[in-house]
Amino acid sequence: MKIITTVQEMQQITNELRASGKSIGFVPTMGYLHEGHATLLRKAREENEIVVLSVFVNPLQFGPNEDLDRYPRDIDRDENVAKENGVDYLFYPSVEEMYPAEQTTTVEVVKRTDVLCGKQRPGHFAGVATVLMKLFNITLPTRAYFGMKDAQQVAVIEGFVADFNIPVTIVPVDIVREEDGLAKSSRNVYLSQEEREEAPHLYRSLCIAKERIEAGERNAEIITTLVKEYIETYTKGTVDYADLYTYPSLQVVDKIEGRIILAIAVKFDNVRLIDNITLTVK
């Protein structure tokens, strides 16, 4: 595995690889890698001749009161995970390398961002789309891999790739969970012991809701109320949202039918956790 820190060297390598006909699987991350990231890397390894991993904590996607400064970082750990999962190139640029001057152009996402995390975090997805436009141009991937834990992000990325005719296939990968159901996340390290014990109730609330839908419930408000009340009963977290939308278009659902997403965000003392399930309802 080779570690690359400059845009110029990374672009030169990927240009040569694509010119020689090699397929490139790309996994963009903010680091502090866990089993969820490892799953993305293994899938990229299975489906491509070359695997590129980026580790970059992107300041553009953090709001003024968010956790940019304390976002967990451990490049030694990330290098080990990368090596163990078949990464060929680890792209690890500095902020100054990615943004050497004030950004004069950003990608403004106008659809699929006014709900869920996009509603709570204005400007977040513009930051995500902008850095991905840069990373796609730097790494020239054949396929790019994203976890469905942030399903809204996947929907936004699929839309922006289609809109700009970017020649990359977006590959969504199922959520990876702890044994007790908690979705794996770099931010789980912020949980206190008590919060960690309560956190699996987020996924349990989604499973209970799924059972109700499969049993025939089609009223969206009944389902979202059930989820909120369950979380408020069994955790000390504050429900930021518990919402149902069509997926991937993220339109409001009254009657549950077709492909939908039930997504939640819950705030604990030092961390905000998200989770979701997608299902197709006939």
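Cβ atoms are placed via backbone N, Cα and C, with glycine included.
The active site, proton donor annotation in Swiss-Prot covers His37 and is backed by sequence analysis. Here Swiss-Prot flags 30-37, 147-150, Val176, 184-187 as ATP binding site, drawing on sequence analysis. Among the features that Swiss-Prot reports, beta-alanine binding site is placed at Gln61. Summarising the annotation, Swiss-Prot assigns (R)-pantoate binding site to Gln61, Gln153 and lists sequence analysis as the type of evidence.
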Greatest C-beta neighbour count within 10 angstroms, which of the binding-site residues Gln61, Gln153, Ser186:
Gln153
Residue among the binding-site residues Met30, Leu33 whose Cβ has the most other Cβ atoms within 10 Å:
Leu33
Recorded positions near Val176 (ATP binding site) (Cα-Cα within 10 Å), from His37, Gln61, Gln153:
His37
Please report the three-state DSSP label of Met30 (ATP binding site).
coil
Pop the Cα-Cα gap between Met30 (ATP binding site) and Gln61 (beta-alanine binding site) into the table, whole Å please.
11
For Gly36 (ATP binding site) and Gln153 ((R)-pantoate binding site), what Cα-Cα distance in Å is obtained after rounding to a whole number?
16
Tell me, how many other CB atoms lie within 10 A of the CB of Met148 (ATP binding site), whichever protein chain they belong to?
19
